[in-house]
Amino acid sequence: MSVHTSRVRTPVPQDSIQFAIESIDNVVEIGKIVTNKNRTAASFCNTLRRVLLSIKTHLQKPHEVHRVESFLNKLERLCSWPRSIRKGATNKWPTLNALKFPSNRDNAANCLRNLAIDVNQVQTRSDIIEKLKTFPAKSLKDEIAEVTQTSTRCVSRGPPRMSHELDDDIERLYNALKQYRTCKTDGPHRDILINIRLNGYRTILENGTSAEFVVHNASAEFGVLFLDHPHAGGGYWQEACIQTCYTRSSELPNIKFADDESQLSTTHLSPMQVPHKLIPCESFCQHISCRQQDLLCLSTRDGEFVHHKRSNATRQWLANQEAVPLASIFVKPELNLYDKSKAILEMLVARATWQFYDSSIIDQGLTSHNIHFICEQRLAVNGIFINEPVLLTRFPENDIGIHDVGDVSSTEMIHDLPKILSLGILLLELETRKTMEKHRENPKICPPGPININTNYKIASNLVATGSNAHPESIISDIDPRSPLRTILPLCIKSGELRTKLQQSLSARKSVPSRINVNNALRSIIYSEIVYPLETWANHYEDLNSVKPLYEVADTPAILRFAPPLIPMPQPASSVNRRDHEYLCEASRKWFDEYEKLRDVLQPKEVEKGSNYNPIKIAVLDTGIRQEEYSYYSECDVHMEYVDFVNAAPDGNTSDNTGHGTAGISLLVKTCPTARLYIARVLKGNSATLADVDTMVKGIDWAVQKNVDIITMAIGFEHKQMSIVDAVDRAHRKGIHLFSAASNSGNLGSMYCPAILTEQVFGIFSTDAVIRESRSLNPSPLDPDSFAIFGENVQLFSEEGPLVRGTSYSTSIAAGLAATLLDFAKQETDKPGFPELSELRKRQQLKRVFREMSRPDGRYHCIRPWKLLNDDNMHEGSRADRNARREQREWIRGTIKRVLQPEKLHE
């Protein structure tokens, strides 16, 4: 017989439960008062409110066993802090009883405020929250018994128990957005661009709120911005307020509006019935495309949106301005990233990581590419403001929604928590005001070899190293000694650091529950060690709602084009990323397969070469070429000549520190393998500086001396350089076609020089593999004849090669296409009756052929090279058929003749 007796927990009297519920309402109200008076206390008070409301939901459930007395003791200690409860007192909860009268709440408010703002009580606050969270938890035995009972009887569904309330809110929002993410109007389905405001989340109290509208059973409210109908020309942003709530499948949510004073002034009235309707997925584009610059009020019901009304927008958004990624903002010369602005954004991204940690919404974490900003007007100033970041939301095809356990990480990653590493890198970029792509250009911190999934981790580790292992480039000693980033950056970036904190926290607990939700414990550590210190640091500044713009935008906004941008992605870091990566690789292969149909027809066989035929010469001005690739191409009979204007004492070998030039050359070989290449190394790194102007000029003049047909410069300078302008003019007067990259910074800056010289240079823009212009890369064109070609997610070298994106790769492909056309012209010029092809050496005539093979998208001519082919002749096996090849070449000759000299068609 056991010496232990079984204890049976008896139900708690209903009046004790009611007292606990009333006490929660009183403490929540006090927390609101404290928050309004002291913003430093807001973080703790808001967390406390969410936990207490979750407990209140649990207390309101019938047939539940509650540990009310223990909970009331904890609440009494909280409102009496730092005083302890006297054991054996006849009045168990004197402070809570006194809270029934508003006049007695000042002492409790002072206690709560003092606890919330005391910098020495971080652990105390964390312990209080953790202990309160254990209240609704069941033992493993209780949960097994409940599952057994549920399986034997039919029960009506009720609101789900929220052990972590925010997770359920996010899941409801995510499921609804996923249903409406695609426009199904007029042709192929197109994704709707969705941005979630990181500063737009808040909980909703049942006993009244200042929200625009309140839906029955709503627990949270999110701010979202949709890019409206992608098929209706230039896009506009539509702001929406979305309340997440639970309702039975047979009912629509009830609602009350803030402008109905009679409703909101009384606390326990049933909500008033108002017009509302479910929005079918097929018509969602119509709802967001009214372009009335208003606020769309929606709620969720079982994964669907319910439309309630339209109201005034919360901010003066510049609705037809493009969203700007943070990565692009870093490169803006006029950027005003003050310490206050930095502190605000660091707080917001850390809080968002904590909030969305278990959600697929942030995938592998927040980055400077998926954090965007939308232009708005404040105090008559149009600009980008730091306290309104938005999260560009992705929905992978094999999305699995909210995760129950940890991160979905790749086994190839060194870091054990990818989302925490991503946060650390984002904070590091903010502190250094440089993207990781820019840091990669520093050979002192970037490891040698190809870029891979651990490159950013290695760079970041060098930048935050401390102690005896400190790297010479470490920035930690340069950070303000008072800033929490001195400890937060190493905590996020060093692998295993945060898990060590978690283990220490679990070991320090006096009593360990029989079943611990480790992920919730990890999120608690994220809050206490990262989020709260950054919130405290930001709240040292006055009025966080008043900030100066990061930069001002022009009075005439840029027009949004049709297609949402593809999201810049690293090499696949998870099973979710890998599918997208494979799709983009397949799209790139299909583009080149189509191109090769044209190339194979135009490339000459021996019998097709005229007596005056010589291969086309292309000069490549870039970062050089790696020795191994140079040797490989030489063995494959690619004619190459190399000169180094960077290294004053060349050693006889070729060089390329970054691989940029090598990548461009690989695309030239792929698009025009018969061309002779003249490679000039004019840059040491990927970014052109004033020191590189002289080497660039030398490269252009060297190309002129070599009598090349084409000069390709997949590089550029932010400002016009007169010596380059003069060198370009000399080359242009020799009849050389010049190609240069437009830039990758969108409208954050102007087109690069020499691409800006539109009368002499083909400034090349980018498209994706399906011939849509790359809105996230391209600046606005200056020339009506602005050409764009494949440059977004291009697969290099082979089927296993990396994906790259940028107008520099577009430039190499465009130059290769031009070389193929000029080469075809050289084959044909000495044939009777067709001397006209020599006209392709003139810039205006080549532009006409480019226009012929293009289709417009926005303000660009997007080149589809295979458009020159006769589709009727592209039957199975036709590429190997001699007659079909001859017919295709005759077709192309006729097409070019028609384009170059349309007036002769009627002679």
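Placed from the backbone N, Cα and C atoms, the Cβ positions cover glycine too.
What TrEMBL annotates here:
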type	residues	note
DOMAIN	165-536	domain 'DUF7580'
DOMAIN	616-825	domain 'Peptidase S8/S53'
ACT_SITE	ASP622	active site, charge relay system
ACT_SITE	HIS660	active site, charge relay system
ACT_SITE	SER808	active site, charge relay system
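Its Cβ placed at the centre, SER808 (active site, charge relay system) has 29 other Cβ atoms within 10 Å. In this view, HIS660 (active site, charge relay system) is surrounded by 21 other Cβ atoms within 10 Å of its Cβ, with every protein chain counted. Taken residue by residue with DSSP, ASP622 (active site, charge relay system) is part of a strand.
Taking the Cβ of ASP622 (active site, charge relay system) as centre and 10 Å as the limit, one finds 27 other Cβ atoms among all the protein chains shown.
ASP622 (active site, charge relay system) is 10 Å away from SER808 (active site, charge relay system) when you measure Cα to Cα. Between the CA atoms of ASP622 (active site, charge relay system) and HIS660 (active site, charge relay system) there is a gap of 7 Å. In three-state terms derived from DSSP, HIS660 (active site, charge relay system) belongs to a helical segment.
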